[in-house]
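Straight from TrEMBL, the features:
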COMPBIAS  10-25  compositional bias 'Low complexity'
DOMAIN    42-328  domain 'ABC transmembrane type-1'
DOMAIN    359-592  domain 'ABC transporter'
REGION    1-31  region 'Disordered'
REGION    593-622  region 'Disordered'
TRANSMEM  41-61  transmembrane segment
TRANSMEM  81-108  transmembrane segment
TRANSMEM  159-177  transmembrane segment
TRANSMEM  183-203  transmembrane segment
TRANSMEM  270-290  transmembrane segment
TRANSMEM  296-319  transmembrane segment
Amino acid sequence: MKSQPPGPGPATAAEEAVGAGTSAAPPSPLRGLAEPVRGRLALAVGLQAVAALAGVVPFIAVSRIAERLTEGSAAEGDALWPLVALACSAGFAALVCGTAAGALAHLADNDLQLTLRRRLARHIGRLPLGRLTDRGTGEVKQAVQDDVSALHTLFAHTLLDVVSVLTAPLLTLAYLFTVDWRLALISVAPLLLGVLLFGRAMAGAAAQMAEFGAATGRISAAAVEFASGIAVFKSFGRGHRAHERFVRATEGFADFFSGWVRSTLATSTAAILVVAPAVVLLLLAVPGAVFVTQGWMTGAALVPFLLLGPAVAAPMGVVGPRIQQIRAGQAAAVRVTALLDTPTLPEPTAPALPDGHHVRLRAVSFSYDGNTDVLSGVDLDLAPGTVTALVGPSGSGKSTLASLLPRFHDVTAGTVTLGGADLRDIPATELYRRVGFVLQDVRLLRAGVADNIRLGRPEATDEEVERCARAARIHDRITELPDGYATELGTAVTLSGGEAQRLSIARALLADAPVLVLDEATAYADPHSEALIQDALSALAAGRTLLVIAHRLSTVRSADRIVVLEDGRVTEQGRHDDLLAAGGRYTALWDAQRNADPDGADGVPDQRPTRAGADIREGSAR
Ligand SMILES: Nc1ncnc2c1ncn2[C@@H]1O[C@H](COP(=O)(O)OP(=O)(O)OP(=O)(O)O)[C@@H](O)[C@H]1O
């Protein structure tokens, strides 16, 4: 979840601030998510605390034995056996309790993961489609996989580790105080010094973190640009240009990070050094030797300090990675909770079924952010069996308007009705049986060709699947695949963009929704592919109510109605010839496209050797 350049070992202050700064999330989402397994986790924590304390007892027993052996007589040797027994039983208890705590935490975490993943899957399934298409699959994958794994690390491992590193030193210290309070105080010194130095190394981490975030952001942006632009740059013989910005961004990051590491190097190295076992031993051995030689304590009393002293400061050595894991867990909990809190598509309280397939938009406004309207006061009628084309400049709201029909989003004001029923009152399954969509960005499942086509109607027969594939002009290509209709997609076989589009058209044909939203593809690989797709679309359009997002005006010239959108408002609507005669915005758009592509905007069907450019309406009439 963070990127770090390889750095010198003691660069921990910077590294740990990175982990600590990944999120300043409050812990409450974490508690909320853990609620169902809280009891078991608490029991695991208790057992782990017992295990940690019991784990110290053998060391105490050994130091007591050492004391007695160095001080005692042979008769006292017999008194050693109870200590040996105590050491063995405490060690055994530590083992049993530790194992039980680990098993309990893992079982609780396993249930938590299952519950969380089920909740996420159920919730994501009920989210508005627009929420999923806007944010893409990355967010879902992160929540379901990465974030749930981060929570596993936290609940099944870190939690128990933290209990151990906090409880064991407490008992150790308490025991050392009973042996000699002066040397016990000295044994605390490395810990205090470590905390002080670590705190100094972390000073200013917030500002550095902000720069760290900005620098990694610049690398990510440059990496995306690099990946998507490399082919273009290379094709113009300027391959080196593509990575210039990326290299600059990574160099900038390396400079910043090494500067940060350099500025904290001395203090973070010192922090690590003062808590290192060898250093702690030295720090205790020297004053201890003085105490013994001065007769302030016995040599035997020094033994527990040499055995147990390094354990007092030990937590400092592992505090950084644990803080990182806790922060990562908190950040994951915040993301998972946010996803679970995203409002789902409200199911109607009083469901209504459409009577017919007339689509009406009345005074429709829509805003993505709740502030700026992307659509304002749109009135539109899609009569059954007609083709309506949405045209307009980029960003005018065409896709947004079209996305309201399959309820990717709900309107912010106004109504969209289908057969007289408000879309919000139609149960989702009923709506999707009536409103289909074919988008430019075709998503095929990692499944057989036939299963991909059957998606909208799983019970369809093989004959029906083949009939739709033929109509969508993809049957011939399917028969060429190694296993025909049974061929698994996405493994050995990948379809071209045009083929995938025709497959998605076959899918829509089989689903047979009477109302269809179609995002016309902006580019086809070649005239042959374009002609096939246009034929497939024509088959799809026949007899349906069609709303087409038209990127090329030539393809929708004979639509029943062309609607011109500008800044989210309908500024013109009518048939092609009428709109041209009116000499308004449509004429300007038409002229602009004709000038930009003289072959593509006017008379396309007649001028190409294939049916490339034949418009949907002509096709539907055939
Ligand atoms: N998911 C979204 N979140 C926020 N704003 C969005 C989102 N999708 C689109 N917009 C904004 O809404 C406005 C209309 O976008 P839309 O994609 O509907 O226009 P368009 O006419 O289809 O454009 P194009 O022809 O380029 O596809 C634009 O300003 C766009 O930036």
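Cβ coordinates come from backbone N, Cα and C, glycine included.
Nobody curates TrEMBL annotations by hand; they come from automatic prediction.
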- line: For the transmembrane segment (159-177), out of 41-61, 81-108, 183-203, 270-290, most C-beta pairs under 8 A are with 41-61
Close approaches to the transmembrane segment (270-290) from elsewhere in its chain (Cβ under 8 angstroms; 6 or more beyond its ends): 10, 12-13, 183, 186-187, 189-191, 193-194, 197-198, 201, 297, 302, 305-306, 309-310, 312-314, 316-317
Task: Might you confirm whether the transmembrane segment (41-61) is in contact with the transmembrane segment (296-319), defined here as three or more C-beta pairs under 8 A between residues 6 or more apart in sequence?
output: yes
- line: Per the Cβ under 8 Å criterion, with at least 6 residues separating them from its ends, the transmembrane segment (81-108) contacts 37, 40-41, 43-45, 47-48, 50-52, 54-55, 57-58, 61-62, 64-65, 68, 155-157, 159-160
- request: Six or more residues out from either end of the transmembrane segment (183-203), which same-chain residues have a Cβ under 8 Å from its Cβ atoms?
  value: 12-13, 16-17, 20, 169, 173, 176-177, 264, 267-268, 270-271, 274-275, 279-280, 283-284, 287-288, 291, 297, 302, 305, 309, 312-313, 315-316, 319
